[in-house]
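Colleague: Sharing a structure, written as C-alpha cells. Questions coming.
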Amino acid sequence: MKQVMFYCRSGFEKECAGEIQDKATQLEVFGFPRLKSNTGYVLFECYQEGDADKLIQQIKFNELIFARQMFAVATELSDLPTEDRISPILNALSSVEGVPHCGDIRIETPDTNEAKELLKFCRKFTVPLRQALRGKQMLTARDTDRIPVMHVCFIEPGHCYVGYSYTNNNSKFFMGIPRLKFPSDSPSRSTLKLEEAFHVFIPRDEWDTRLASGMWAVDLGACPGGWTYQLVKRSMFVHAIDNGMMAQSLMDTGQVKHHMVDGFKFEPQRKNVTWIVCDMIEKPARVAHLMGEWLIKGWAKEALFNLKLPMKGRYDEVLQDIENLKEFLNKNGFKYKLQAKHLYHDREEITVHIQAITNISPH
C-alpha cells in the first residue's frame, strides 16, 4: 500500500498537503501529495510499497492541524456497477496483502456539498457491506475499537477509496467531525467552536476534573457570550472581558462578571483562574503571545484560543506563530502540552490548546 487519504476542510487542501509533506519528510517517508482545490481531501502518494501503513502508524494524528482523518488506502474502485457494488469491493480487498482484520466500518464522504449528497446512500450501504465483510471474515462479528477500523470513502457515485486506520491514532468521529447540536439558548453560534474544542482536546474521562463545576474562567473577547455559555453550562464562574454587551440570559445566571475593558489589558485580581479562553479578532501572533504571557505568569492553568489566519500563507503563519509561542514558553521554563487543530466549526482560523504540565495527572 502506497497511498494515504487525509480529510480536511474544503479550501484547505494546500495547507493539509504542506503539513503532510513536512511530517512525511521528518519520518523519511518520501512521496508527494495529490490534491484538487475544494475537494475536502488530499491523497499522499508514497514512493515505497508499505510506507502508507508506516505513515498512519508513525504520524501522530493529534499533532496534525489541518487533517480531520487519515487512513491507508488498500484499493481504489471506480465505475462500481449500481446493481452490485459489494462484490467488487470484496474482490479488491481479498487481492491486497496486508489489510488487517477490522473491528468497525465507516462509509464516508469528503466534507463538500457535492460529496455529502452521497451520505444518504452511504447510510443505506453500510449494513449490507458490513454483513458481507463479516461473512468473509474481514470484519469482526461485533464492533470493537481494539483493532483497526475500515474506511470506505466515496468521492463521487461509484468511485471510492477503501482502507483502514488505527484506533489509537485516528479521529474517533465519523468523517472526522464531532456531531454537535446548536443549543437554542446560546447567544451565538460560536459556542460550537468551544464545545468541539473540548471534545477534541480534553479526554471525556477527564471532563469532571478539568472542566469542573465551581472553576473560574476568563473569556477574552466574550460578547455576546457564545464561549461564556459553554463555561456557564459546566457550572463555572466566568470573567467576561469585552467592551460590548453580554447576553442578559448569561448575566442572569449570577455566574458571570462582565468587565468592559481591553482584553489585552485585563489582569485577574485573584490568581484562582483555571481556564483562559480567547476568540478575539486580532493578529494571530499578538493573541499567541498574550496567551503565553497568561500561562507563564501563572494567571491560568489551561488556555484555549483561536488564531485568525491571513488570506495567503496560512500554513506558514500557523507554523511561525506556534513556533514563536513554543520558544517563548520554553525560554521562560514553562512546561506544557500543546495541541492545535483546524476544527470543523473553525473557518479562517485554527484553535490552540495549551495545558500546564503541572496540571497534568501522572496517571
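Any Cβ shown, glycine's included, is placed from N, Cα and C.
Got these off Swiss-Prot a minute ago, pasting:
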ACT_SITE  K308  active site, proton acceptor
BINDING   S190, C223, P224, G225, G226, D242, D262, D279  S-adenosyl-L-methionine binding site
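Are these features on the surface or tucked inside, and what are their neighbours?
Modeller: A C-beta separation below 8 Å, combined with a sequence spacing of at least six in one chain, links K308 (active site, proton acceptor) to I281, E282, K283, P284, V287, E348, E349.
DSSP assigns D279 (S-adenosyl-L-methionine binding site) to coil, not to a helix or a strand.
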Colleague: Around the Cβ of D279 (S-adenosyl-L-methionine binding site), how many other Cβ atoms lie within 10 Å? Please give the count over every shown protein chain.
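Modeller: Summing over all protein chains shown, D279 (S-adenosyl-L-methionine binding site) has 23 other Cβ atoms within 10 Å.
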Colleague: Work through the binding-site residues one by one (D242, D262) and point out the residue whose CB has the fewest other CB atoms within 10 angstroms.
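Modeller: Ranked by other Cβ atoms within 10 Å, the binding-site residues D242, D262 bottom out at D262.
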Colleague: Quick check on the binding-site residues P224, G226: which one has the highest count of other Cβ atoms within 10 Å of its Cβ?
Modeller: G226
Colleague: List the residues of the same chain that sit at least 6 positions away from G225 (S-adenosyl-L-methionine binding site) in sequence and have their Cβ under 8 Å from its Cβ, in sequence order, or write 'none'.
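Modeller: The list for G225 (S-adenosyl-L-methionine binding site) reads S186, P187, S188, A240, M246, A247, L250, V256, given in order along the sequence.
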Colleague: Which of the three DSSP-derived classes (helix, strand, coil) applies to K308 (active site, proton acceptor)?
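Modeller: DSSP assigns K308 (active site, proton acceptor) to strand.
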Colleague: Listed S-adenosyl-L-methionine-binding residues S190, C223, P224, G225, G226, D242, D262, D279 - what's their greatest C-alpha to C-alpha distance in Å?
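Modeller: So the maximum pairwise Cα distance among the S-adenosyl-L-methionine binders is 20 Å.
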